[in-house]
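Copied over from TrEMBL:
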TRANSMEM  12-29  transmembrane segment
DOMAIN    91-324  domain 'Sulfotransferase'
BINDING   Arg172, Ser180, Tyr282, Lys298, Gly299, Arg300, Ile301, His302  3'-phosphoadenylyl sulfate binding site
DISULFID  Cys283-Cys293  disulfide bond
Amino acid sequence: MLFKQQALLRQKLFVLGSLAIGSLLYLVARVGSLDRLQPLCPIDGRFGPRGQDEIPLRALQFKRGLLHEFRKGNATKEQIRLLNLVQPLRGTRALLEMLNLHPAVVKASQEIHFFDNDENYAKGIEWYRKKMPFSYPHQITIEKSPAYFITEEVPERIYKMNSSIKLLIIVREPTTRAISDYTQVLEGKERKNKTYYKFEKLAIDPTTCEVNTKYKAVRTSIYTKHLERWLKYFPIEQFHIVDGDRLITEPLPELQLVEKFLNLPPRISQYNLYFNATRGFYCLRFNIVFNKCLAGSKGRIHPEVDTSVITKLRKFFHPFNQKFYQITGRTFNWP
């Protein structure tokens, strides 16, 4: 039987990430007690002069060594205490792979970045069509490019292609998402053997002692600002909000909600998901022969962040979170 190219304007679905660049989500388990909150400002006095407010590469390398022992099951209690933060997991990729368990879902193999990249968009819809996988007429194609959610031109561009499209947005606790965003950039610096400013130095404006809203990792976590831009083109009924944190700890209920939103027959069950204690997250079981776990690169070690900065960020995001709950009709257990 010949495969037919799925009708682009009729059966397209997007996953809009809002966590690190690839936004994506992360589960963070904190071990040990929090330090007493200390005054935050001035930042320069708190974190030292230039050169002392950067992350030493050996610190993350040391934590990765601890994580390796943790995953092998060889970590001592002291090593676990030192590790402090245990592997976050990137979420848009996790959601995409989990939805691919459904026989009526076909996923694009990579982030296409058609609508958020001017150069790609200029190549036209046929270029985009050729990037999509082949599928049967009854199947839904899913593409995810996390930058879609935060790029200003994207809602209008997608609307012009298909105004009835269904959209998935995966979110997680905004402060943790911002730290995950920072961590991704930090690792890029590390691969080039470069140092980078500490998160505190970037997230807090030292002149005002307030949250630095010019910092991209912070701006991306203000979900309601981005969603309001989308609502100029699409009604809220065409969106489904996925709880990224719950997707990692309890994936099945979240996946069942997505199935319902997409009007798909329920096919994903607990049989398809099993917890891998070594990796620390759920893996996928397609059948009795084929299992799949996400690549090890999907877990990142977060650097330690001053607790007073975390508190300040959570206070800053709180009113935006409340508005996001009101607009979407879904409440999350965010502090």
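Cβ from N, Cα, C; glycine included.
A quick note: this is a predicted structure, and the numbers were derived from the prediction, not measured.
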Rounded Cα-Cα span from Cys293 (disulfide bond) to Ile301 (3'-phosphoadenylyl sulfate binding site), Å:
18
Integer mean pLDDT for the domain 'Sulfotransferase' (91-324)
91
Note: in the chain of Cys283 (disulfide bond), residues six or more apart in sequence with C-beta under 8 angstroms of its C-beta are Leu273, Tyr274, Phe275, Asn276, Asn291, Lys292, Cys293, Leu294
